[in-house]
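Listed features, source Swiss-Prot:
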| type | residues | note |
| --- | --- | --- |
| BINDING | ASP495, ASP501 | Mg(2+) binding site |
| DOMAIN | 562-621 | domain 'KH' |
| DOMAIN | 631-699 | domain 'S1 motif' |
Amino acid sequence: MTPIQKTARVGAQEILLETGKVAKQAHGSVWVRMGDSIVLVTVVSAAEKKEGIDFFPLTVDYQEKLFAAGRVPGSFFRREGRPTEKETLTSRIVDRSCRPLFAEGYPNETQIIATVISFDQENDTDVLALTGASAALHLSDIPFNGPIAGVRVGRVNGQFVANPTLAQRAEADLDVIMAASRDAIVMVEGGAKEVSEQVMVDALLFGQAAVRELLDAQDALRKATGDKPRRAFDPPKNDVALREKVKALTWEKVKEAYARNEKHDRYGRLSEIKKELLQALKEEAAGDAQKLAAIALREKEIKGYYEDVKYEYMRKMITDERRRIGGRGEADIRKITSEVGLLPRVHGSSLFTRGETQALVATTLGTAEDEQRVEMLTGMVFKRFMLHYNFPPFSVGEVKFLRSPGRREIGHGALAERALRQVMPPEDKFPYTVRIVSDIMESNGSSSMASVCGGCLSLMDAGVPIKAPVAGIAMGLIKEGEKIAILSDILGDEDHLGDMDFKVCGTAEGITSIQMDIKIGGVTREILERALAQAADGRKHILGEMAKAIATPRESISAYAPRITTIKIRPERIKDIIGPGGKTIKDITARTGTSINIEDDGSVSIASPSQDKVEAAIKMIRSLTQEAEIGKTYLGTVRKIAEFGAFVELFPGTDGLIHISELSDKRVKSVSDVLSEGEEVLVKVISVDRAGKIRLSRKEALAEAAGKKPEGAAETKGEPAK
């Protein structure tokens with residue numbers, strides 16, 4: 001097959017799509033290039049359906065090869081290790097964007113693999129993986145209702161930029177990655193520095209318009225490769241008569257169950273209804289062995305129809321009766337309670353409860369040594385702010401093995417971390433590494449948003465001087481014809497009902513983090529603005545409830561947190577603190593019980609739970625790095641005698657010269673007549689030249705001590721010591 005290329009311009013960048021050159025045995029493969037960044041995306045779908053499952057078996061893996069940036073992995077085996085957080089989050093973004101577009105009921109196991117094979121240090125590769133996944137699926141025979149395309153939208157100096165470079169992103173006050181089709185925004189994930197809802201809507205519509213050429217390029221690529229027909233498959237059976245019978249037997253019972261407020265009571269009743277349904281069908285078929293056997297064989301199908309009844313009833317209840325589970329209105333938020341400082345030895349802690357969702361959150365303050373070090377394509381990255389989200393099985397009353405965090409937990413943690421990162425103080429004002437851990441104690445929807453709220457409370461309890469409090473809210477939108485219902489603070493039952501599910505975090509002034517999944521077309525600007533406005537109202541209500549526990553950060557950090565003091569020294573004196581083989585700094589830390597971190601610019605951070613220990617370490621460092629001041633008198637030690645003068649150590653690592661003419665106000669024939677090695681001598685600094693060489697005077701120091709000016713005293717000159 002001859003390689004086929006199509007190009008599209010997105011903003012200032014040209015994106016190349018190429019197929020037919022590599023990975024030709026995959027069912028679809030596309031080479032995506034922007035600048036010198038290249039991602040290879042492949043898709044393969046099994047020939048046979050996977051039995052015994054009730055979900056679409058899709059796997060997405062995004063991987064960054066370090067050779068793409070000319071780097072050798074730093075691991076022992078010099079191979080890439082477990083997925084980084086960015087790889088996991090990008091895999092989730094591709095999955096969330098593509099999964100809803102596969103044909104309903106498609107049962108074949110499908111895998112998307114996106115591999116970064118070249119990285120130019122300017123153009124990020126996650127958007128290329130997203131577009132490449134759609135393109136590879138679009139030109140394959142896999143039943144996929146695409147195409148879609150990915151784009152990153154930034155706002156730099158008030159102007160929107162499509163696919164900004166890494167340098168532009170560093171200056172942006174808005175940074176979102178999104179996927180869009182011709183008539184709908186499909187997925188949104190990103191953060192911002194307290195931008196308004198209006199700006200966010202403008203950004204999303206700008207992004208949707210920016211991908212049109214990319215969509216055309218994918219269509220052209222499919223046509224050029226022969227417009228391969230989609231493979232046939234047997235969709236799930238839809239027995240209308242059986243479906244209606246299930247509805248008739250369960251509708252009123254489901255209605256009664258959803259009137260119950262308590263989650264476990266409601267779930268228990270819904271489970272009983274399912275059992276009653278199967279029993280009723282068996283009793284109806286009593287005496288007919290063939291019908292009984294059919295019911296047993298179709299039990300999974302019957303349960304599916306029952307789930308459809310629940311889904312249909314809840315949507316009708318919301319759109320027709322304007323009523324939700326528990327009797328709440330569309331904009332009503334569950335009862336909120338907050339508590340801080342409940343863990344006595346923790347640097348900062350909170351317990352945030354909203355309805356039946358609860359998060360226990362702890363904040364720990366660490367030093368620069370506690371920063372997370374991550375090897376990425378851009379080099380070694382150091383993270384000084386982290387939020388880790390944990391979802392133990394007891395939070396939903398289940399029994400499961402405790403394992404390492406899954407993709408969902410990593411994704412929820414990243415969303416909450418992004419929301420709070422925007423209000424964290426800069427390192428020069430708060431030189432701590434900050435780790436937040438959110439453990440979900442119970443869950444009935446919006447647990448990631450509870451982590452945002454609880455995380456903010458624990459930061460303030462820890463005395464972290466955040467810019468402003470942050471809250472998060474999970475929203476849902478249901479659209480039935482012209483009827484639209486926007487739900488604030490959705491429950492777990494409502495989570496999968498919506499045509500648009502979105503989470504918005506921010507301060508009272510604006511949005512700091514957003515996540516959206518939109519499953520339908522026709523979501524207009526007006527609907528987006530209305531949805532985000534309702535989310536803003538809910539967010540401000542939650543902030544008010546949080547303020548009842550703590551409204552501003554504590555004035556001081558916990559007594560159990562390390563005290564960090566940063567001092568500055570001249571960079572050339574760093575070697576004096578470290579010493580040969582690190583001997584000096586090890587001695588200081590051992591004797592004072594402190595942790596010391598030195599930056600290349602001469603910033604020295606000393607940390608210890610005891611301020612007295614910090615001061616002791618500072619004193620030792622100052623003694624090693626103090627500078628001679630012009631006009632100041634010191635008691636030094638003679639280290640070497642020469643014909644022209646004597647070299648005197650003022651303090652460790654700092655020597656000066658007393659010229660023979662500066663030894664006495666009388667003529668000195670030989671230096672050794674006045675001084676001897678090892679002798680202590682009073683001297684005055686009379687000059688320091690640009691090279692740092694120090695001139696000393698014994699005669700001026702003695703005269704000053706005697707209260708008179710010596711004859712022929714030298715004028716002090718030179719540059720002050722730095």
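The backbone N, Cα and C atoms fix where each Cβ goes, glycine too.
Remember, it's a predicted structure, so these values are computed and weren't measured experimentally.
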Please name the residue among the binding-site residues ASP495, ASP501 whose C-beta has the most neighbouring C-beta atoms within 10 angstroms.
ASP501
What are the DSSP helix/strand/coil residue counts across the domain 'KH' (562-621)?
32 helix, 16 strand, 12 coil
ASP495 (Mg(2+) binding site) - helix vs strand vs coil (DSSP):
coil
By DSSP, what is the split of the domain 'S1 motif' (631-699) into helix, strand and coil residues?
8 helix, 36 strand, 25 coil
According to DSSP, which kind of secondary structure is ASP501 (Mg(2+) binding site) found in, if we only use helix, strand and coil?
strand
